[in-house]
Amino acid sequence: MVPAPSCPNTWDYWTSSTSDHVDLICLMPNSVYMPLTVSWDATLQDVKEELWDQAGKYPLFGMLHEMTGYVFQFINSLAVTEEVDDENKRLRDIKPSCGVLLIIERSIERPGEHLLNTHISNLIGKGLNEFDNLKSSEVNDFRMRMRYLAEESMIKRAQSTRLERLRYRCPPRLADSPAVPTTLTSHLNNNCFILVTKVANTEFSFTTNVPVSRTPQQHIDTILKKKVNSLNMRGEDPRSYVLKVCGREEYLFGKEPLIQFLYIQEMLAKDGVPQVMTVSMDKLTLGCDTPIERRQAPPDYSNTIRKKKNHHESSWNIYKNYTCKVETVSGLNVDRPVEVVCQAGIFHGGKALCEAQKTEVKTASKDGVAQWDKELTFPIKVYNMPRMARLCFVIYEITKTKGKRRGKDSKDSINKLAWANTMIFDYKEQLRTGGLTLYMWTHVADETQGDDWLLHPLGTVVSNPSTDSCAALQVCFSNFDCQYPILFPKHETVKAYADDIELGSPDVIARLSRDFEQLRVTAEKDPMYEMHEQEKKDIWASREYFRVEAPELLPKLLSCVEWGERAEAASVARMVAGWPMLRVESALELLDYAYADAAVRSFAVKCLAEIRDENLLLYLLQLVQALKHESYLMCDLSVFLLQRAYNNMTIGHFLFWHLRSEMHVAAVSVRFGLMLEAYCRGCQDHINTLMRQITCLDKLKWASQCVRKKKEISKARAALHQHLQEQHCIETLCDFVSPLTPSLICKKIKPERCRVMDSKMRPLMLEFENVDPTGADIRIILKIGDDLRQDMFTLQMLRIMDRLWKNAGYDFRLNPYNCISMEYAVGMIEVVDDAETVANIQKQSALFNAASTIYKANLFQWLRKQNPSESGFNKAVEEFTMSCAGYCVATYVLGIADRHSDNIMVKKCGQLFHIDFGHFLGHFKQKYGFKRERVPFVLTHDFIHVINKGQRVSGGNEAVDFKIFKEHCETAFKILRKHGHLILSLFSMMISTGLPELRSEKDLQYLRETLVMDLSEEKALEHFRLKFIEAVKNSWKTSFNWAFHNIDKNNRQ
C-alpha cells in the first residue's frame, strides 16, 4: 500500500507554505512508487528529469521509455483528474492534491495506428511488441527519437510539390558531371545523339538529333511544338510535362542536360537508341503522406545528470586501475563436469588496450554452472579509458591431452565455449557500475583473429536474445568508491584539454618536417601494411603536416593512435574537428571496425553528406554493414541512412532489403529491426509496395517448395506450370514492383513462360508481363537455398571497377547484372537476355563430344552466325575483346573461383560476362586433393581465337589484335591497382557480413597478393605480365577441364 504523503492536505498549502521544498509521491508507469523531494518552485520538466535520474536506482528501469513519451496526471483543486502537457508549468501553479503525481504514457495513438503497427510487424518479420519486451532504455530512447525523425520527414513530404514528390518516388539517375564521358564520344555525331520521343495516348513519335547540352524541359518544349503542328491543336504548358523512359517507371526531369542521365548514357554505350515518352504530371499517381501533427522534439542525449553539478563524477578524475568482478556462469553447453576459465580483455576498434586478465580454473558442473567470484584488475587507469572501449569476455574449457609420440607430457588444450562483449560506458556516457548479466554467444570456427584469438573484440555488444538456451555470465562492475554516477567528460571538455597539451618539442618538429616525405611514403602503403612502433609515433607526431599536405591519409594516421592514452585520444577529437573534408572513398574507410571513436565516425558521416544518390547506392551495401560496427543504436550513420532513404524511395527500397535480408542474424536483429521500423514509419506510402513484394515472394517460395519435391526435372516443370496457373497464384503474382529493379513493374505472371532450371537448388526462371506496354517482359530467377550475399557483393565490386575504369576513360563492357538477397538463402537474380553459356555454345556443335569442346572455332563460328554482316561481326569481336579483358582482370584481382563453361556467358552482340560467384578470394575448388583451377584467370584458346578474329599465328608470334587485348588487360590492372586502398577497404568493411570466405583480415591477403601493393608500378606490371603469360600458356588445361565438365554435366536448358 502506498504510504500517506507527508505533504499537508490543506488546500491553501501551495500558497501559504514557507518551506523551500515539497515531498512528492510519484507513481511511475512501470508500477514503481517513488518519493521525491524537490523545490516547490520546480517546473514539471525539472521534476521529470529528477525522476528519470533517480529511476535508474529502482527496479524495472528498463521498462521505461524516453521521458518525452510520458505526461503528468494529477487531481486538481476541483477534485478533477487533469493531464498537463506543458512541462514549463511549475508545481506551485498546478497544485497537485496531496503532492501525488501519476506519470502516464503520452497518447500517440492516431487513426490507423494499430493497423500501421501490424503492417510494420509483417514487413520486419517480428512483432513490435518484442522491442517492448526487451525492457531496454536504449531501445526505447532510440525508437522515440526515430519516430520523431520519421514524422518530421512525413510532414515535410506532405508539404512538397508534385515535382518534389516525383523526385522522391522516381529519383532521376544522374552521372556525376554534365560533361560527356570520353567513353561515349565515339557514339555521338557532331556532339548530338538520336532520341526517339513518343507522345502519350497517341501513335505519334518523333526521332530527333539531340545536342548534348539540351535539357529535358527544352526537349519537351520542342516536342510539344511539333505535336501542335502535327495535330493542329492548341499549345500546352511544357512545365506540366516530364519525360518518361519507355518500358519503366523512370523519368528524366530537372536542369541537368539529357546526356547526364544514366539511361541515355547506358543506351548510347551499347549503340542503342534511347526511347522516351512525354507524360503529363497530372496523370501521374504520386501519392502523399497524410498530414500529421508535429510532436515535441526529444531532448538531446546529454545526460540530465550533467545539469546537477554536484551529482556526477568525471571518469578523468578516477586514477585507479579498472576492475570488474566475475561472479558466476550458468547454462554452459557441457554434458559432464569440466574445468573452465573466464578471460577478459579491453579493446578499442579491435585493438587491445592492455593485457587480458583471467580467472583461476574452476570446475563447471554437468549443468553448466561455475562460480569464481574473482575480481579482475586491468593494467589501465580509468582516466585513460576511451569513450568507446569495450570489455570482452570468453569462457573456455581446459582439457589435458597427452602427446602421442615419445611419451610427451600432457599439456593443456583449449576449447572455447562462449563469449560476450559489453561497452564500458553506456549509451548515455555513464560508466557501467553494479551487477550485470551477459547472455553469451557460442563460438564458431575462424570467428576471431590476431593474437587475441580467444576473445572476439569485433563481435556484437548485444546480449544473446535466446536467454533460455544460452550461457549467462554474472559480472559486477566497480563504482571506484564514488557516491555519484561516473560520466565520460563532455566533448567540449575533451577538446579544451587537447588544446592545452597540443604542444611539441621544437627539435622534434624540425626533424619530422625533414622526414615528412618519407613518413608520407610509409603512410601511403596499403591498409594492411604493419608499421613499426617508431613509424607510428613519428606519423602521429606529424599529424599537422598530414592535415595540410596529405589529409586523405587520415585513416592511416588514426591507426597510429594509442587509444589507451588519454592525451592522444583527446587530441583525435580536437584534430578531426578541424580536418579538411575527405573524398567518399577515404571517408568509407573510417567507418570500418578499426575506427571505433565516435568523433571519427561522425566526421566520416559528415564527409558523406554531399554524396550523390547514385554513388550512395553504389556503396550502400558497405554502409549497412558498417552499422554492425557501431557501438550504440543511436549514431550519426543510422540517422544519415534513414534521412537519405526518406528523401529517395530507391535508396529506401534497397536499404529495406539489405536490412531485412539479415533479420535472421540474432546479433543484429534488434538494430536492423529498429532501423526497418523507423524507415517504415517515415515512408508509409512505401509500405503497400513492400508488402506486395513480400506477399509475392511468399507465394513464389511456396511454389518453389512444391516443385523441389519432384526428382525428375520434367515433372518439376509440369508442377510449376500447374501451380502458377491456379487462381490464387494469378491473383497474387500481379501488379508489384520488381525487387531487383524498382523502376520495373510486373503486371502479371506468364506461367507458360516459366520453368524450373536443372541445377541442385532448382531455381525458378520466371517471366512477367511489363505493366508498360512499350517495355519488354520482365524475367527473374528466384533462387532458394543459396546465400546470394556473396554474389551480390561480387557484382557490386564489378560495378565499382566498371566505374573506376570509365572514370579513367575506358569502357571494358562489364555486365554486372542485378542480384538481391531478400531473406536467409532466398534471393532474386536478373536474367540477361540474348545470352548463352559457353557450354551451350560448345554443345551446339553437330556432334557433341570432348573434341567439340576443345575445338577452338566453336565460339568464333557462333558469333559469326549471330552477326552475319561484316561490320556487325567486327563490332561483336570488339565487344568480346573489351569485355574479356575486363573480366580477366576483375576475376584475377578478386580471386573469383569455380570458373567453368557453365558460368561464363556470351551475348549475341559479343559481350562476355561471368555469373555465379560462389567462391572468391582464391578459394579454388579441389577434387581428390588437387586444385581444379590452375590458371590465374580464364583465357582459353577459343577466347583467343575470337580475339584474333580467327587468324592463325605461327612461330610464337602474337597477332596484332591479341597485343591490343594484352595492353587493355595491363591498363585495366594498373587502374585497379591505383585504387587498391578502396578495394581493400570495401572488402574489409564486409568482414562482419558472415560470408564463409570473408571472415577475417587473413582472407584479405589474397587481394594484397594480386594487387601487389608493396611493389612499384613497374614491378607490379612485370608481375601481372608473368601471370598473363601463365594463363595463355596453360589455356589448354582450362579447355581440357571444361571438356570433362561439359560431358559430366550435360545440362543444356
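In case you wondered, yes, glycine gets a Cβ from its N, Cα and C as well.
Keep in mind that this is a model prediction, so the values were computed, not measured.
The domain 'PI3K-ABD' annotation in TrEMBL covers 18-107. Annotated domain 'PI3K-RBD' per TrEMBL: 189-280, in sequence order. Annotation source TrEMBL lists domain 'C2 PI3K-type' at 318-478. If you look up TrEMBL, you'll see 505-682 marked as domain 'PIK helical'. Summarising the annotation, TrEMBL assigns domain 'PI3K/PI4K catalytic' to 750-1036.
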DSSP helix/strand/coil residue counts for the domain 'PI3K-RBD' (189-280):
30 helix, 30 strand, 32 coil
Can you tell me which of 18-107, 189-280, 750-1036 gets the most C-beta pairs within less than 8 Å of the domain 'C2 PI3K-type' (318-478)?
750-1036
When secondary structure is assigned with DSSP, how many helix, strand and coil residues does the domain 'PI3K-ABD' (18-107) contain?
25 helix, 32 strand, 33 coil
Per-region confidence, the domain 'PI3K-RBD' (189-280) (mean pLDDT, whole number):
92
